[in-house]
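Right, one structure below, let's go through it.
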Amino acid sequence: MKRHLLSAADLSRDDAELVLSTAAELRELADRPIKKLPALRGRTVVNLFFEDSTRTRISFEAAAKRLSADVINFAAKGSSLSKGESLKDTALTLEAMGADAVVVRHGASGAPHRLANSGWVRSSVVNAGDGTHEHPTQALLDAFTMWRHLGESKPGGLEGRKVAIVGDVLHSRVARSNALLLQTLGADVTLVAPPTLLPVGVETWPVEVSYDLDAVIPKADAVMMLRVQAERMNGGFFPTAREYSRRYGLDGRRMATLQDHTIVMHPGPMVRGMEITADVADSDRSVIVEQVTNGVAVRMAVLYLLLGGSTPAVGGEE
Amino acid sequence: MSTSYLIKNVSVLGGEPTDLLLKDGVIADGADASADGAEVIDATGLIALPGLVDLHTHLREPGREDAETVETGTQAAAKGGYTAVHAMANTEPVADTAGVVEQVWRLGREAGYCDVFPVGAVTVGLQGERLAELGAMADSAARVRVFSDDGKCVSDAVLMRRALEYVKAFDGVVAQHAQEPRLTEGAQMNEGELSGRLGLAGWPAVAEEAIIARDVLLAEHVGSRLHVCHVSTAGSVELIRWAKGKAAKDKTWSVTAEACPHHLLLTDELAATYDPIYKVNPPLRSAADVEALKAGLADGTIDIVATDHAPHPHEDKDCEWAAAAFGMLGLETALSIVQQTMVDTGLLDWAGVAERMSAAPARIGRVSDQHGRPVAVGEPANVVLYDPAATRVVDPAESASLSRNTPYRGMELPGRVVATFLRGTATVLDGKLQ
C-alpha cells in the first residue's frame, strides 16, 4: 500500500483485496462483546473535517478507537475558501500535535492531495471525501458489501459482476471512486444518469453509460443509488424532482424487475421519495444499513494497513 | 550627458552581424565617428530585437501592492526585454477614470524601467453595467487607447456594441476577455476528460468561442476595432481566421488577437497535480489547442504574444486549487517560451518574433510612434539584446516581480535577455537591472 489513500486509483488489485480481507477479519470483532484491539495503541489519528459529515466522521472515529488509537476530532468550520484559517495552517497545527494519520474531508477537490504532497505534514493522509472528486473509503466499503453478498468473500469474487450506479454522477465523489475501484476488482460498471448529470469525457472512463434505467437494472447484480442534492434541482440539471424520480428513481415497480440475488445500495444520506422510495430502502434487498457497519470495518483496515501495523491486526494482543 | 552604447557584432533580427550606436535616445550607425567615448558592448552571438511591447500586463498598483507595484512589474518587464507594457484596469480602485489611469501612467514614468500605458476599464468598476468615461481616459495625460474589463467579460451584447461604437471617436480598441459567464460559473480548469476525472468544474472552450463569434459580428456591424485577449482554444483560432478573412475584404473594421506564452507551452494535464501554480484564466487547454495556437501565431491569425503577467502573493497559491487565485507570472519568461515553442520549432523567424512581440502590439495599442519600430538608424533606441544560445533553469527567487507564481519553476528554458535599452538608456545590462 502507498503511504496515503487519496484516490481509489492508488489501490492495486492486491492492495484492494488486502483491505477487503483485513476488513473481513476485523468485522468479526463487531460481534464480540469487547470490540477493541491494541493494534494502533499510542498512535494519533486526526479527523479533519472541513465539511459537515457526521456519518463519515463517526465511522472513522469508531474505526480508530477500536484499534486503540488516540482520536482528535478537528471540525475546521470555514475553510480558506470562506477566509477562515488556511488549509496549510491547519495542517501545520496538526503536524505540530504529532498526528500519525490525518483523515480529511474537504469541499475542494484535491485538498487531500495538496495536504499529502505540499510538504505541510509528514503523516499519512486518508481522503474522506473531497469536493466532487473522490471518496475512496466509501468505495471500499461498497466493494466490501458487494463482495460479501455477491463474491463469497473470496479473492476475485467481484469478477464479472454487474454494478449499476445511478444518479448524479457529475457531482458524485462516490461514483468516481466506485468506478475506479470496481474496475480494479474486475466488476462491470454501468453509470445511469440523465445526460446533464454525467461528466464531460465519461466515455473515456472504464465503464458503460446509459440514460435508460429500466434497460440496465434487470441485468445488474447490484444497484447503487446516488443522492441527488437539493441544489441540483435549482441548477437546471433536470426539469423537476418528479420527472427525475419517474425516470431515475428506484421504486417498487422497478425493484420487481431485479434478479432475485440483486442488492440495493445507497451511500447515504438518502432522499426518500427522490432517488429511492421508502419501500425499496426498507426492503430485504436493501443493504444500506449494513453498508454503515461495514464502513467501520473497512476504515479500521485502511488505518491499520496505512499505519503499518507490523503485527496481525487480529490476534496480535499483547 | 547620458551614456551612449556601441553594440558590436550584433545580429539584428538574426541577420548578418553589424554595429549599432545608441546615442541621444536614437539608433545611429555604428561606424559613425561619434561612437568615440561610447561604452562598448561585445554582442557577438546576440540578437537585437526592438524593445518588446506587452499589451496585457497586470501591475496590481493601485490596490494590491503586496502582489506587485508599477516599479517591480516594470523591472520584471525590463528583465524580460520589454520597453512598454499596457497595464490592465482591474486594480483597486479600478482604472475606470482619468484620475486612476493618470496615476498609473505617472508611476510608470517615475519608475523609468519601461513605458507604462494604462488600459482603461470599459465599464464602471468592471461591473458590466454602464460605460466608464472612456473619452476622459482617452483625453487624459495617459492617452488611453486600449479599453478592457479584463478579468471579466463584457458579456452584455448591447454594452459591448456600444463600447465598440464609442471608441471609434478616438481610435480606441476594445480588448475583450472572452468568457461567457453563465457557462463558466465556478469554473476551475479546462472542461474535458481530465476535469471530469479530477472533479474540478469545467471551463468549456465554447464559453470563449461563443463570445468571440458574437464580438467579431458586432465589430463588423458597427465598423470598429476588436482585440481578443488570451485566445486559448483551437475553435477560437478558427473563428478569428474566418473573421479576418471577412475583415480583410471589408477594411472598415478589424479584429486582432493575442496568445499567451503559457498557452503555447503548457497543457491541462498539469492540473492533475492539484497545484494551483497551474491555475490560470482562461485555463491551460489540451495539446491540440496548443498546436492550433502555435499554427495561428505562425500564420498571423494570432497577431501577437501578450503575457497576461498576473502576480499573486504566495498565500493565494499555497492552498487548495479551488481557493487559489487565477494567474501566473509571464514577463521574464515570455521571450524564452516563444523561442522554445515558435523559433526553435521553425514556426517563426526572429523578424516574426519582432512583429508578434513588438511591432504588432505597438500598432494595436496605438503607441507605434515610439515603440515597435524597426531596429534601424534614426529610430528610437528601444532595443533588446538576446542570447538565443544560452539556457537557464527558472528560479522564482531571481524574479524582479514581487510575486513568485511562475509555472516554469525548475524548467530549463532557452535564451537569455542580456540587455534592454529604453530610449538609449540601459534598463538591463548583462542580465541585471540597472
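Placed from the backbone N, Cα and C atoms, the Cβ positions cover glycine too.
TrEMBL entries are annotated by machine, without manual review.
Record check, TrEMBL: carbamoyl phosphate site residues include A:ARG55, A:THR56, A:HIS135, A:GLN138, A:GLY268, A:PRO269, and the candidate from A:ARG27, A:ARG105, A:ARG161, A:ARG242 also listed there is A:ARG105.
Each of the binding-site residues A:ARG55, A:THR56, A:HIS135, A:GLN138, A:ARG173, A:ARG227 was checked for a CB under 8 angstroms from a CB of chain B; the ones meeting this are A:ARG173.
Least packed by the Cβ count within 10 Å, out of the binding-site residues A:THR56, A:GLN138, is A:THR56.
According to its DSSP assignment, A:GLY268 (carbamoyl phosphate binding site) is coil. In the domain 'Aspartate/ornithine carbamoyltransferase Asp/Orn-binding' (A:159-306), helix, strand and coil residues by DSSP number 65 helix, 24 strand, 59 coil.
Here the Cα atom of A:GLY268 (carbamoyl phosphate binding site) is found 7 Å from that of A:ARG227 (L-aspartate binding site).
The carbamoyl phosphate site is set by A:ARG55, A:THR56, A:ARG105, A:HIS135, A:GLN138, A:GLY268, A:PRO269; from the centre of their CB atoms, other residues of the chain with a CB within 8 Å are A:SER53, A:SER59, A:ALA128, A:GLY129, A:VAL174, A:PRO267. The secondary structure of A:HIS135 (carbamoyl phosphate binding site), as reduced to three states from DSSP, is coil rather than helix or strand. Comparing local CB density within 10 A for the binding-site residues A:ARG55, A:HIS135, A:ARG173, the maximum falls on A:HIS135.
For the domain 'Aspartate/ornithine carbamoyltransferase carbamoyl-P binding' (A:3-147), the DSSP counts in helix, strand and coil order read 67 helix, 27 strand, 51 coil. Each of the binding-site residues A:ARG105, A:ARG227 was scored by other CB atoms within 10 A of its CB, and the lowest score goes to A:ARG227.
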